[in-house]
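Take a look at the structure set out below.
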Amino acid sequence: MPATRNRRTRAALADVVEAASNGRSQKRSKTDMNEHKEPENMDDPAGDEPGTPQLYYFEGVEYDTYQEFVDAKRERNQQKMFDLGLGENSSLKLSSALKIAKSAATQRGLQRKKEKNAEPTARRRSSRVSGDKANLVALDYYVPNWNTDNKSIVTVAEGEGGEEEKEETPAFFKGRVNHGEDLTLEQAIELNEPKWITDESLKLAQDFQKDIMSLEETNKTRKAASVSMTTVEKRIKDLSIDNEEWIAKVTPDRIYSVACHPSETKMIAGAGDKGGYVGLWDVDSRSESNNGVHLFRPHSRPVCCMDWVSKDSMVSASYDGTVRLLNVEKGTFQEIFATYNGDSEYLEELGYNLDEGYNYWTQFVAVDKRYQGSNPSIFMSTSAGTAMHIDLRVSDKQRISFNVDLSAKKINSLSLHPDGNILASGGLDNTVNLWDIRKFGSNSKKALKPIASYSVGRSVNSAFFSPDGTSLLTTTMMDKLEIFDNAHLKTSTIKPTKSIRHNNQTGRWLTTFMAVWHPKLDIFVSGSMNKPRCIESFDSKGNCLREITGDALGSVMSRCCYHPSTEKMAIVGGNSSGRVVVIR
């Protein structure tokens, strides 16, 4: 009813505005009416030739004078306002009549901390506009240092006597949150912006930590082959998005990565955003203070990847060059890898001399599924076109298994075939390449030649092998999702066996699409630009099983993933405003 009333209100007000804007357009002379021509001056009542009789028409009624015509319009408009409940004696205001009520779903999740009796902050003005020459000179003087050493930030504050004081505060390499020390839950919460921190944030996070530790380990020996495709299709068709409790704001900004906790008894959805925040959402929590959302900031730049390696360990990677492991049992975000430049102070760091400067960042990180345990191994690609493997099971000096140049441009994704030998890459060089990593130990040019490749024509967002390795799935800016059968067995050139037209032009304000496989089943999911907004699920042959739509999908879900369970089917999606939707 409120939505219907709002539509009627807007329609009626549109009529009022239209009638008022037409003004004197109803005025016609008899000669004009007969010849069906517009008078030369429509806006001036006295604009017609002297002596020409004038008539005014409004809603089929003829008026002899202009004033009668205006009075009729005013009377009609006044009646319209009374009919809408907007008359002089009505308590209903125009703004409230036109206001569209937000659904309860949009109110779940993060809530800004409300400051009581907070004084309004002064509007910020630049030094150049305000005429503050001292501040401006100081800023100009220190700007070059920010771009070179990243070691200090200079702030200019006003002293007690009105004099300006220079204060130098330490900064970390590339603006990171610290020098690589472990972050406790409390520290990771304190790094949040104050508006996202409440008095209960830490206690709620600690209780959440205990809940995760009490969960049973997922049965990793269960075979996905035991689930028939007919059953999978039925479960996908049964998925629902109509519950308003299954959407919440999990991060403050645009989401770059999503992940699902492997538990089959508790639904926990995670998201990493543009500002380095990691949000974990206990979907079924009934907490009124935070709606089950726990926010941390272990990174300082976009969180490009998140992946649970066990029920109490999660890897997160960021453009700031750091890779951290959330150890739920210890309650810490441990830095397991980070890149640094060639300064001597970083000589003992594992990532020493890997960072190449301003245009260098960690683009993608994937957990090596061949190794299980508390010390995961990872594949990492960078904006410089390099790929590396870090094996955390061995001593520090041998942890980087390989570090090779695979492209002259950014690599958007890496995916290892289940056989453990073939690595797929795709990026801004507009090609999908397959590599034999057993040859990466050699420095010869032959070792860096792909065993097979496919030229796309435009950027490759992602290239991922299916769980059983029989299919390679790519998402490209050629507006296609493409499937390659047994690509790992090909040599020289690979060609897609199925090409799906798919609008991947997300633009600069939305995170790019990456179609991803179910962790155990040969089905994949992708966000969509279609209207009404939806999330699309496909089988391994490229057939669309379902376009999932609902009231909660009011925006584009750029990053999506399946829950690892083969029995309790669920899909998680994240959008550009930090909201996460769970479809189950």
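Each residue's number is its place along the chain shown, starting with 1.
From the backbone N, Cα and C atoms, a Cβ is placed for every residue, glycine too.
Unlike curated entries, TrEMBL annotations are predicted automatically.
Summarising the annotation, TrEMBL assigns compositional bias 'Basic residues' to 1-10.
Per TrEMBL, compositional bias 'Basic and acidic residues' is recorded for 29-40.
The region 'Disordered' annotation in TrEMBL covers 1-54 (among others).
Sequence annotations record features per position, and here TrEMBL assigns region 'Disordered' to 103-131 (among others).
Marked as repeat 'WD' by TrEMBL: 404-438. For the repeat 'WD' (404-438), the list of distant contacts is 363-364, 366, 368-370, 379-389, 447-448, 450-465, 467-469, 472, 474, 476, 484, 487-488, 490, 494, 514: same-chain residues at least six beyond its ends, Cβ to Cβ under 8 Å.
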DSSP-assigned states of the repeat 'WD' (404-438) in counts, ordered helix, strand, coil: 2 helix, 20 strand, 13 coil
- line: Across the repeat 'WD' (404-438) the predicted model averages a pLDDT of 96
